[in-house]
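Record features (Swiss-Prot):
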type: BINDING; residues: CYS37, CYS40, CYS65, CYS68; note: Zn(2+) binding site
Amino acid sequence: MSSIPWIDNEFAYRALAHLPKFTQVNNSSTFKLRFRCPVCGDSKTDQNKARGWYYGDNNEGNIHCYNCNYHAPIGIYLKEFEPDLYREYIFEIRKEKGKSRPIEKPKELPKQPEKKIIKSLPSCVRLDKLAEDHPIIKYVKARCIPKDKWKYLWFTTEWPKLVNSIAPGTYKKEISEPRLVIPIYNANGKAESFQGRALKKDAPQKYITIEAYPEATKIYGVERVKDGDVYVLEGPIDSLFIENGIAITGGQLDLEVVPFKDRRVWVLDNEPRHPDTIKRMTKLVDAGERVMFWDKSPWKSKDVNDMIRKEGATPEQIMEYMKNNIAQGLMAKMRLSKYAKI
């Protein structure tokens, strides 16, 4: 259903006004709202950061987070996060459209986006080709990333130049910026996206995902999946430690997009006190998905990588724990009620 700009803006304001750091930006002709992103929680260390934005224009209002890269029209956001407002929103759209019914033109089939692939990563070098004393090698060693996984990771000192080679015009100035580059392949082994992880602590965006075309895959690791359960984690680096591990990039949690429906097991970060994590776990449990719980874990770190590098866990120990702590349906609801601390 096509949207109506003034209705989009009204419901965006109503849906977002309660969020922390909400403000309306009045320095341009475009209707803009700024807020802390409810999808990723924005920054855990800086409560003043607000990287969620709503942009209203003459076509359709959209929400975008510059931290987790979540992007959706306001109608989709309402449907996912504000179902009561969504029903009212649909009613208002239908009521407004019912006032005048233009003569319907024959519907044209929507053009399918051209499925481009990323044939090369200019200005990058693969980690397994670098010398042991290179700074990025020291970085991945410090994170305990296995050496046999280095071939899946790349490094660049010219991130803006790399991005502009795939998405021209993204950066006006191609200044030097080092990032760990993580290519994202489709099931056929063709790269469609890549994620850049900031190496500077003060970088405004820790993770940035770049797509070759609008519908490009943002599911990491699918080209390496074998038989058996598939573990869906929150970050590409965590997935490198897990057999048959894949990862969600871009901050979205769309069950229709994630593959391996009959085999997947969701492994969210160990954050029983984080409202967004518990909200997403609840959504998965209510949808009948298989979910892995950290409630009996001997490790207290937030994610798999920290459990290994900070607490001395091995990938084998974590895999064994995960296999024995999967729940679904009523059992999952019971585990979640005990696990959640909010």
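Glycine too: its Cβ is placed from the backbone N, Cα and C atoms.
Around the Cβ of CYS40 (Zn(2+) binding site), 19 further Cβ atoms fall within 10 Å across all displayed protein chains. CYS68 (Zn(2+) binding site) counts 23 other C-beta atoms within 10 Å of its own C-beta, drawing on all protein chains shown. Under the three-state DSSP scheme, CYS37 (Zn(2+) binding site) falls in the coil class.
Counting every protein chain shown, the Cβ of CYS65 (Zn(2+) binding site) has 23 other Cβ atoms within 10 Å.
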